[in-house]
Amino acid sequence: MCTKMVQVLWGCFLLWNLYISSAQTIYPGIKARATQRALDYGIQAGVEMIEQMVKERKIPDLKGSESPKFLKIDYMNYKLINIKINAFSLPNTSLAFVPGVGIRALIKHGTANISTDWEIKSPLFQDTGGANLLLSGVYFTGILVLARNDFGHPILKLQDCNAQVSRNDISFSGELSVLYNSFAEPMEKPILKNLNKMLCPIITSEVEALNANLSMLEVLRSVDNYTLLDYSLISSPEITENYIDLNLKGVFYPLENLTDPPFSSVPFVLPEHNDSMIYIGISEYFFKSASYAYFTAGAFNVTLTTKKIFNHLIRNSQGLGNMLSWIAELYILSQPFMVQVLAREPPVVNLLPGHFTLDIPASFVILTQSKNSTAETVLSMDFVASTNVALAILGQRLICSLSLNRFRLSLPESIRSNIEVFRFENILSSILHFGVLPLANAKLQQGFPLPNPHKISLVNSDIEVLEGFLLISTDLKYKTSLKQQSSFHGWEALNLIRGRWRGKPAPWLPVWSPLQEVNRP
């Protein structure tokens, strides 16, 4: 009996642990996938990066001691200093995924031209001069193992390094160059031996330096004065034969509160495409966390004064001056007034195939603005504004723009019989369309930063709205000198996307008119 009781308790304990572990599962808000096409382009970009790197890096001095029999001396110490790689060629280079491990790099038949200064000391003489080395048969293979540290940074480790140069030809320069070149061939073998010993330590050192830079990446990034965005890795990269997936947390926080939102992320799966170099999946959770963070920070509350209303309404639409006069006459207000739009709840995000909508539940408050007294509320009502979201990629940012789709107004019962609801809905819709949304879109022009490597820009980008997430398909372009992105001045040159539009401009969202039929409660 006791044994059975222990087994039952142990089973309950295991079930509880399974429940806790499943309840604590964290799914990514952003998935970034690199395909074999990205690796193939990485070879081209990598050669350019290496060219830039070797110009900036100081190559260690090469030292050695030999007892050349042809000179009949006990020893000769030599040193190669100021080593500089002038040119190199890597004609046979490949990168391939190693499932569950990392990326294998293979270089064959490489060549390099090196210039250096040298010093020789022996019991009989010492001398200095210059020399050129032509290295051929350069070979390297190794695996870059990708993982994640405790802070969510990516980390790299070089595994199974094998590097060697099969031949080097040395040519001395200087006053006694003819003499030195006559016994250059016997010197080439010991120099090559020492050089091959140095190659893997040098490459490993470069990987460690790159790793140090990766540890300095900003995984918690300030977006604006309201929010932070967490880009940290939630797990080690997932590697298959065809791609590598990076699972990023992808969640917004209010600037003063780094508490996770009161809802959980849900899993989503990227489609098995391979036409583009990079695929970025941005989940509905990402946008919901942004909605919650901005709501918590009070970013959705807007106050329009008479001056702002005239700037945004009268200059952008005819006939609204009469509407404003009607409001003033209705409430016998000869003094200025204010309109407040206050979000009641975080806007509701919906991602459905081909459609991205944002429903904004808010309150509309009209207040008097007297010079000699405090503001007094004249009217307060609730509404829900349903908006369509247009998307574009500008530089390295995802840009959103809102367009009013429909407007539902809830008036208090006490005044519903005294006011023509339909007419009032149109008036308030006009204020939203021509006053509030332009202000919101001006803020949204700052965009959401997309994850991208240093000096890599996104080109040939395409956006598709799927069930529960956005799919961005893009290629990469490496820039040797990345210029500062120009400031954004308008939407005219952008390819705004609601669904999937490749190779042609996407249509703007349907133009909304305050006189169109609206949905009433």
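Keep in mind that glycine also has a Cβ here, set from the backbone N, Cα and C atoms.
Bear in mind that TrEMBL entries carry predicted annotations, made automatically and left uncurated.
Among the features that TrEMBL reports, signal peptide is placed at 1-23. Look at TrEMBL and you will find 33-257 tagged as domain 'Lipid-binding serum glycoprotein N-terminal'. Taken from TrEMBL, the feature disulfide bond covers CYS161-CYS200. Annotated domain 'Lipid-binding serum glycoprotein C-terminal' per TrEMBL: 272-474, in sequence order.
Sequence-distant contacts of CYS161 (disulfide bond), defined as residues of its own chain at least six apart whose C-beta falls under 8 angstroms from its C-beta, comprise PHE140, THR141, GLY142, CYS200, ILE203, THR204. All chains included, 16 other C-beta atoms sit within 10 angstroms of the C-beta of CYS200 (disulfide bond). The average pLDDT computed for the domain 'Lipid-binding serum glycoprotein N-terminal' (33-257) is 86.
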